[in-house]
Structures are given as C-alpha cells and as structure tokens.
Amino acid sequence: MVGASLGPPGRGSLSRLIRLVICVLTLCALSVQGRSESTEGHSKDLLYKYKLYGDIDEYAYYFLDIDIGTPEQRISLILDTGSSSLSFPCAGCKNCGVHMENPFNLNNSKTSSILYCENEECPFKLNCVKGKCEYMQSYCEGSQISGFYFSDVVSVVSYNNERVTFRKLMGCHMHEESLFLYQQATGVLGMSLSKPQGIPTFVNLLFDNAPQLKQVFTICISENGGELIAGGYDPAYIVRRGGSKSVSGQGSGPVSESLSESGEDPQVALREAEKVVWENVTRKYYYYIKVRGLDMFGTNMMSSSKGLEMLVDSGSTFTHIPEDLYNKLNYFFDILCIQDMNNAYDVNKRLKMTNESFNNPLVQFDDFRKSLKSIIAKENMCVKIVDGVQCWKYLEGLPDLFVTLSNNYKMKWQPHSYLYKKESFWCKGIEKQVNNKPILGLTFFKNRQVIFDIQKNRIGFVDANCPSHPTHTRPRTYNEYKRKDNIFLKIPFFYLYSLFVVFALSVLLSLVFYVRRLYHMEYSPLPSEGKAPADA
C-alpha cells in the first residue's frame, strides 16, 4: 500500500515541477524580451532619414533638399518648426534675392497648377489678388514674403529608405524682404501642424502618405549639418553614460570610451542613459512647452514663478529669453569673460568676489569659483563681438545650465550646445527675446535629439551625437544658380590696374603712330615732286 500510494503522487509531483520550471523559464524569457523592447524597441521602428546641411555661424539655419515638380527641380529649404508653409521663389520674381538654386519654373513642370480665383473663391479662406490666391507669411524678426499659391508634386528623398511623394499646395514668392533677400537657401519648409479647415501642412501630408511610419519626427543637429528623422528617433545616436561617442567619428560632442570598454553591462548602462525627457505641448498645432526655470550654478535666474511658455523653433538661430533673465545670466558670463589674462589686477579682482556681493547670490558659489579658476588656469581667453556677445577660446570652465520643465525635471544644457563655433572661438548663443516671444532655438537643439511626437502631442529631449553633413558634401544639381558676375569684380586690383596701364599705353602709342602718319602724309614730298615732267 505504501508503494501503491507513493507511486502516482511522485509522477504527479515531477509533472508539476516540470510545468513550474517551464512556466518560470517562459516568464523569464518574456521579462527579458520586455526589457529588450523597452530599450531597443525604438531601434526597430522604421526610420526615414534626411540629411541636413548648414550651421549656426555661417548660415544661421539648417536646411534640406526636396524635389518639386515633374521633371524634378531641387529646392533647398530651411527647416522651420515655427511655421507651417512650404514656399520658395518662382521664375518672374523681380523682388527676390539670389539663392542656391534658380527660382522654380512652373512652366517646366507638367504637374504644376496655379491656384486661380477669377471665376471662383479661393479655398481655405485665402485672399484673391489679381486673379490668384494670395500667399503671405510674416516672421518674428519682422521680415515678410508674399506671392501666390500653386500645387505640385513634392518628392522627399531619404538617403536610407524609399522616397515619399505627394501633392502639396505651396507658396510662390513674388516678393522677399529683410533676411530672406540674403539667405543662401532658396525657400522655407514649415514643420508645424495643419489647423482645422486650413491648408494641409508638409508634416501631415508626409505621414498620411507614409502610413508605415509612426507619426514622430526628430531633429538632430551638430556643429555642421545633422539629420531629420521621420518615424521616430535613433537610439544609436544617444550619448551613453560616462561621455559621448561620435557616430562614425562625425559627432561634435566630447569623445569618451564606449560602454563595453568601460567594463559596464551595456544593457544596464543603456537603460540608464536612454532617458528621453518628455514635455507636453501647451498649444495645438504649434510646438510650445512650459519652462519653469533656468538655473546657473544652482540658482534659478527666472523671476516669474509662473514660468515661460517657449516655442521650440528650429527656424530661430539663437535661444531668446526675457531681458531680465538674460541680464542675470549675462552678469555671470561677463565675470567669466576675461579678455586680458595678463592683467593681474583684473584677474585678482574677479577671484576676490564674494557671494554676498552678488545681487543674485549663487547656491553653488564654490562651483562658480571652480569655473573661474579653471578658465584662468587654462588661459581660456574671451573676446566680445557685436552687442557684447562673449566668445571663449575653449569650452573648458564654462558652466552647465539647467532648464526646469513643468514636472520640475532639470534638463542639462551644456556649453557645447548653448555656445556655437565661430572661427576658432565658442560664442554664446543666447539673446534677449524679440516681440515678447521666448524661443528655444537652434542653440538648444544642438547635440541632442529633439523628438516631436505628433500622436501624443509632446516633445522629447535626449543628448545625442548627431551626424555631421558639411555643406561641401552636398550633391550638386543642374538647376543651381549660376551667378552672372561682373568679370571686373572678380579680377584682383593689381591685374585690373595693369590692364588699365597696358590699355592706356596702347591707346597712347596708337595716337603717336597715327599723328606721325598724318605728319608724314602732309609734309613729306611726293615721289613726283622736284622732278621735271617726262615730256619736258
């Protein structure tokens, strides 16, 4: 009986044990898979990448190339998250500047169609001017462009994936002014969203015609060029803990050893490093976020407890903040700006400053002194350019700033981002706001992935080693503008002067020979003179 009673339960226990082991292994596998998806899921997203060119100093913007019409005419367009229109100069414009490409020729495109309004009203509540639906756009700095609307085929060519093609209503410039007259890029690509009963924007049409993509786009810019990514963001670009490592040697951030070389578990370090900071958008159709503070050396320099509603704008070169906030930050930047390292009196005066002497005492005064001493020790000379903007020789010694978001998370804003490269110096890219509009511009975008999640109405930020695409690597095209230069303006003065001297001497010698010839003809006797006639 004992044997009979123990036999079956033993087999049942073994069976249950096997099932338990299988269940545990399955749960472990699912857990591992879940962790993998949480850290690597975004890398599985389908991403369409587009090269950006430009920089902050020379161009003051970043641009990409898009093909318009049939056959295609390439147009360079400034990437602008602060506006919604796609527009550029068209042939026949007499008030347009000289840009990278020839003005778009509607007659050369068999798919172009002007939006006329002679016999019917303009759609989207547009104005009818001289038989065409009017295009007009004003910008924060005061410039304005105007013309008429037309529609044509837009082809967006990805360097790593297939092209996306759709028909789009665009603006034809017939008048440009201010900055638009002198910019090198030909047009503007607005990246904000469509309003109800408004003209469908580029972003909405792109995702409508590429349903395989998530409705997320990312801007990742370095000192020279960068990328626009449609469909998500790229985890491979994210800065890993312990420093940053350039993407294919092209990044602009400080270079450090990789995670695997540091001896850490790459998966654990990745989870800690890959933390996208998300902030909800506060206005529909535009990319505004709430900023509650701006810290320098641990002290919030922002006076208002309400914070600021700031536009995340890739079309603005610099970050613009209220004047009182700017003055507080600038006071400490001025102290860190030592123009003459050999002036011992001036250097010692700065070193003897106490926290009590400041109108805004610093929470981390010791860090301020460390920064100042580091700048002095490394002889990080500073110069001032237009409007007193400080420029340092090196990045070393400059402080990190911290932007406080609505959830009180403090996001680091590093010197290699808020400073921009100008020749051999690094200049401050923060300015006083214009027209009471605070803006997070390109100096806030630089060296991070700025992720625009349209579906969830939020914007994400994460430090990144953004790829570099210098402008000289940009492919050439048949419709490039060929400047008809005055040849005399291209000749150096010495050669021009020499040509003038040679020309003058040639004219003078010609005159001399001409006069001599006249003299010879008038005063020299004819061969028959002085001789008697043959009959005589």
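Sequential numbering from 1, following the chain as shown.
Including glycine, each Cβ sits where the backbone N, Cα and C put it.
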Say which of Cys23, Cys28, Cys140, Cys172 is recorded by Swiss-Prot as the disulfide partner for Cys90.
Cys172
Looking at Swiss-Prot, which one of Cys133, Cys140 makes a disulfide with Cys122?
Cys133
By a 10 A CB contact count over all chains shown, which of the active-site residues listed here is most packed: Asp80, Asp313?
Asp313
State the Cα to Cα distance, in Å, between Asp80 (active site) and Asp313 (active site), rounded to an integer.
7
For the topological domain 'Cytoplasmic' (514-536), what is the mean per-residue pLDDT, to the nearest integer?
59
